[in-house]
Amino acid sequence: MSAKIIVGYIFLQEEIMGKFTVLNHPLIQHKLTIIRKKTTGTNEFRQIVGEIGGLMVYEMTRDLPLKNVEIETPIGKTVQKELAGKKLVVVPILRAGLGMVEGVLQMIPSAKVGHIGMYRDEETLKPHEYFFKMPPEVEQRQCIIVDPMLATGGSANLAIGALKKRGVTDIKLAVLVAAPDGVKAVQKENPDVDIYAAAEDEKLMSNGYIFPGLGDAGDRLFGTK
Ligand SMILES: O=P(O)(O)OC[C@H]1O[C@H](OP(=O)(O)OP(=O)(O)O)[C@H](O)[C@@H]1O
Ligand SMILES: O=c1cc[nH]c(=O)[nH]1
Ligand SMILES: [Mg+2]
């Protein structure tokens, strides 16, 4: 294969696979280490999951389009920037995704919130949808799905599919900890969805937990175990 064909092939692969970005800002990494510790209690865990959610969305929205607007300050008229383009919807996958919402809304207070309820069967690891509620005209908005854990990728793919069925075309996924299997599964089934993570961990264990991970995110957030 000539170099040109190889480069073309890699480019094509990247396009087909979708984009995966690890947001390794030092503040994000530091906070993630705190919530990984088994000694971190519910209160601190919940607060920091929200904080990381906010920092991640701050990084993810760097490329939001701006437009010029004429305004008047107390001193006089001026042309300044404001956000243009699609409005955002934050979509937590219940339960654990709820932990990231507050932090995201601190960055984007005008964002709407849609909810998708999903749980993983502990035996089969297959996800089951039990709730779906979106704001009106969701298909005209950009949806940012938030969930702390991307393990097999089953829940994320089901959530993305549920949004696409309702006509949503602009979707991003933000997770705290991603397993390589989950990243691959979403890239394969939904190559148009960009994935952002605070970390990509070593592996997915046979019981469905991510190693080293942070344990069961939902249970740690809500104190249910
Ligand atoms: O990538 P997957 O293999 O689908 O696993 C990831 C899912 O598992 C967890 O939810 P869980 O089913 O524990 O529900 P919970 O948030 O109510 O605890 C997590 O919050 C994800 O939604
Ligand atoms: O490690 C994992 C995997 C899935 N869900 C969690 O909460 N933790
Ligand atoms: Mg759980």
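Note that Cβ sites are derived from N, Cα and C of the backbone, with glycine treated the same way.
Copied over from TrEMBL:
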- 22-224: domain 'Phosphoribosyltransferase' (DOMAIN)
- Arg95, Arg120, Asp147, Pro148, Met149, Leu150, Ala151, Thr152, Gly153, Gly154, Ser155, Asp216: 5-phospho-alpha-D-ribose 1-diphosphate binding site (BINDING)
- Ile210, Gly215, Asp216, Ala217: uracil binding site (BINDING)
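All chains included, 15 other C-beta atoms sit within 10 angstroms of the C-beta of Asp216 (uracil binding site). Close to ligand 2, meaning a Cβ under 6 Å from one of its atoms, are these of the binding-site residues Arg95, Asp147, Ala151, Gly153, Ser155, Ile210: Ala151, Ile210. Checking each of the binding-site residues (Asp147, Met149, Gly153, Ser155) against Asp216 (uracil binding site), the C-alpha distance stays within 10 Å for Met149. DSSP gives Ala217 (uracil binding site) a helix state. Among the binding-site residues Ile210, Gly215, Ala217, the ones whose Cα sits within 10 Å of the Cα of Asp147 (5-phospho-alpha-D-ribose 1-diphosphate binding site) are Ala217. Within 10 Å of Ile210 (uracil binding site), as judged by C-alpha distances, the binding-site residues found are Met149, Ala151; the full candidate list was Arg95, Met149, Ala151, Gly153, Ser155. When the Cα atoms are compared, Ala151 (5-phospho-alpha-D-ribose 1-diphosphate binding site) and Gly215 (uracil binding site) turn out to be 11 Å apart. Separation of the C-alpha atoms of Ala217 (uracil binding site) and Ser155 (5-phospho-alpha-D-ribose 1-diphosphate binding site): 14 Å, rounded to the nearest whole number. Counting other CB atoms no more than 10 Å from each candidate's CB, the binding-site residues Gly153, Gly215 peak at Gly153.
Checked against ligand 1, the binding-site residues Arg95, Ile210, Gly215 give Arg95 in sequence order as having a Cβ less than 6 Å away from one of its atoms. Close contacts with ligand 3, defined as a Cβ under 6 Å from any of its atoms, occur at none of the binding-site residues Arg95, Asp147, Ala151, Gly153, Ser155, Gly215.
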